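Novice: Annotations for this protein, taken from Swiss-Prot, read as follows:
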type: REGION; residues: 53-115; note: region 'Disordered'
type: COMPBIAS; residues: 58-70; note: compositional bias 'Basic and acidic residues'
type: COMPBIAS; residues: 71-82; note: compositional bias 'Acidic residues'
type: MOTIF; residues: 142-150; note: motif 'Q motif'
type: DOMAIN; residues: 154-382; note: domain 'Helicase ATP-binding'
type: BINDING; residues: Ala167, Pro168, Thr169, Gly170, Ser171, Gly172, Lys173, Thr174; note: ATP binding site
type: REGION; residues: 244-292; note: region 'Disordered'
type: COMPBIAS; residues: 252-265; note: compositional bias 'Basic and acidic residues'
type: COMPBIAS; residues: 266-278; note: compositional bias 'Acidic residues'
type: MOTIF; residues: 329-332; note: motif 'DEAD box'
type: DOMAIN; residues: 394-556; note: domain 'Helicase C-terminal'
type: REGION; residues: 556-620; note: region 'Disordered'
type: COMPBIAS; residues: 562-575; note: compositional bias 'Basic residues'
type: COMPBIAS; residues: 582-598; note: compositional bias 'Basic and acidic residues'
type: COMPBIAS; residues: 605-614; note: compositional bias 'Basic and acidic residues'
Amino acid sequence: MASAFSLLTAGGAKFDKNRFKDDFQLFEAKKRKDRKGKSKQIDALAAGSALPSSLDFFGDHPHPQHKPEPEPESESESDFESDSGSSSTSIPAPPPQKITLTGSEPLPKSLHTNLPSLVNHESHSLTSAEGGPLLSALSRANIHSLWGVQCAVGGCLLEDRDTLCVAPTGSGKTLSYVLPTIVKLREPARKLKGTEEGKGVRALVVVPTHDLAVQIQGVIKAVTMGRHWRSMVLTKATEKAVWESAPGEAVKTGEDGDSEMKDGEDSGDEEEDEDDNESTGSVDEFAPKVSGNPEGLGIDVLVATPERLHHLIDSRRISLARTKYVILDESDRLLSSDFLPQVEPILSACSNPAVQKCFLSATMPAGAESLAKKWLKDGGVRVVVGVKDSAVTTVDQSLLYTGSESGKLLALRNLISSGQLPYPSLIFVQSIDRAEELYKTLVLDGIKVDAVHGGKAKTKRDEAIKDFRVGAVWMLVVTEVLARGMDFRGVKVVINYDFPQTVPSYIHRIGRTGRAGRPGKAITFFNIEDGPYLRTIANVLRSSGCPVPEYMLDMKKPTKNEKKKLAKAPPKRKAVGGGGRDLNREAGKKKKQMVEASKKRKMLERKGKGGNEEKNDDEE
């Protein structure tokens, strides 16, 4: 039987394709269709590192659009507005607010909201060759009109008046000084090469953090697209280019500077974090030489943090004598005791008789304002948008009692699991250690999260911010280093995990959401230790129209000493989560104590030996 079966099946089964040709082609056609469909999916995945539109928070990734007919080529979106949504929609303007101008008469006229009023101003009218590229760059960035603060500040600056501006977060302050500065410079330094006007640092922008400096540089690059303007951020890598463009006495004479900034030296605050993680080098390392820029090519706009710029001025490597426009962004922070020792010499170094100054911030305490007016001609023109020192009205603010540190973490997890914390979001904490603790905890929860603080190298911070903008990271745990100026238009919720130390800190933190008229949400956790300071923040919520429980408004006001104490240092808190012991941290502290004890012991031994030797010499 077996042999008969083998005989019948030895040749194998044969299929006559010619006989069943029609049936066979039906299956082949289906296979080809399936293969074609799969290849299209693979190609789409390969080319589409693009996210689905539901996950593309900032609008950075291209999404396919089906056009029935070919249309004229649309203007591409610029890097400046890469996080603001689709290039086909204009950026929504913030809600209209009352703008108050005070100062010596006659007060300057505000610009019209249409863009041509910027380049056709009677005192600084640009030609079509000068103004055309600027208008084109603004159009590419989806900017089709000026906002209130930009009209007011632009009018002041174009009429050569020093200006002090207080405007809410997200109202467009950066463009309010960048645009008129570009208009007043008229031509790039490259076109003015060899002339006095094209030498040195022509315009200077000073900001408290490196991250904000990089963001402002991006704005300048976007609005100067199409012309060869020279702008840069002052870093270790660009120091040489800066002092070659605006050489000081030490560079001209070939002498070494007479001062040296120590590694890691800062202003006592983590915000001046550019130098915290990389050595600035000694003066000998960057010994001044004869300028390698003999043509004297200047820098149109230099964006700098105070510590590094002050170092160059103090070592006589850079001259700001030709600088005609000086802007202090986040000026209340720059005029505080932490930065004032560096900022005052910078302002003094801008010795051009025609120098024009502009100070801007979302908050301006009385002390900082009086100090600012001393540096402004005739006290400057004071521009206030809305109510001074108030929170942005587009943010829904609330306070949440959590009871303890473990309660904070539980509340945060509940917000995430219940969908009340949509991505992308920012979580503010009070210190570097707590940022790292919370970051590690959330990573273990499986959340796409990163941390940004002054303890990280700037390259790591830049990478984390970039990932956050493109949607690769959904949450950022941050310290005060990102509380000011940073523009994340896609952020929907801000969590104050640790209670803010001051009202300005609270206003700047929650100002990272609800920008440019978009709705946002801010939730602030508080515990028993935050009780004495709860009333001040509750008053901010009430002034913004947010509901506040009556008991918070009836609480005792904090004393002046309590306010000063909190402003100097945040309250001590238990580890994030409040549960268990951090064995690694305890081991690190123990090791540090052992090293310090060993050093003291060796020092005492050396002193003891020295005393014995002196005694023996006396006896001899």
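Positions of Cβ are set from backbone N, Cα and C atoms, glycine also.
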Novice: Mean pLDDT, the domain 'Helicase C-terminal' (394-556)?
Specialist: 91
Novice: Name, in the order they occur in the sequence, the residues of the same chain whose CB lies under 8 A from the CB of Lys173 (ATP binding site) and which sit 6 or more residues away.
Specialist: Val149, Val153, Cys165, Ala167, Asp329, Leu360, Ala362
Novice: According to DSSP, which of helix, strand or coil covers Lys173 (ATP binding site)?
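Specialist: The three-state answer is helix.
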Novice: Does anything in the same chain, at least 6 positions from Thr169 (ATP binding site), have a Cβ under 8 Å from its Cβ, and if so what?
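Specialist: Correct list: Ala362, Val392, Ile507, His508, Ile510, Gly511, Arg512, Gly514, Arg515.
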Novice: If you count CB neighbours within 10 Å, which one among the binding-site residues Pro168, Thr174 has the smallest count?
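Specialist: Comparing Cβ neighbours within 10 Å for the binding-site residues Pro168, Thr174, Thr174 has the fewest.
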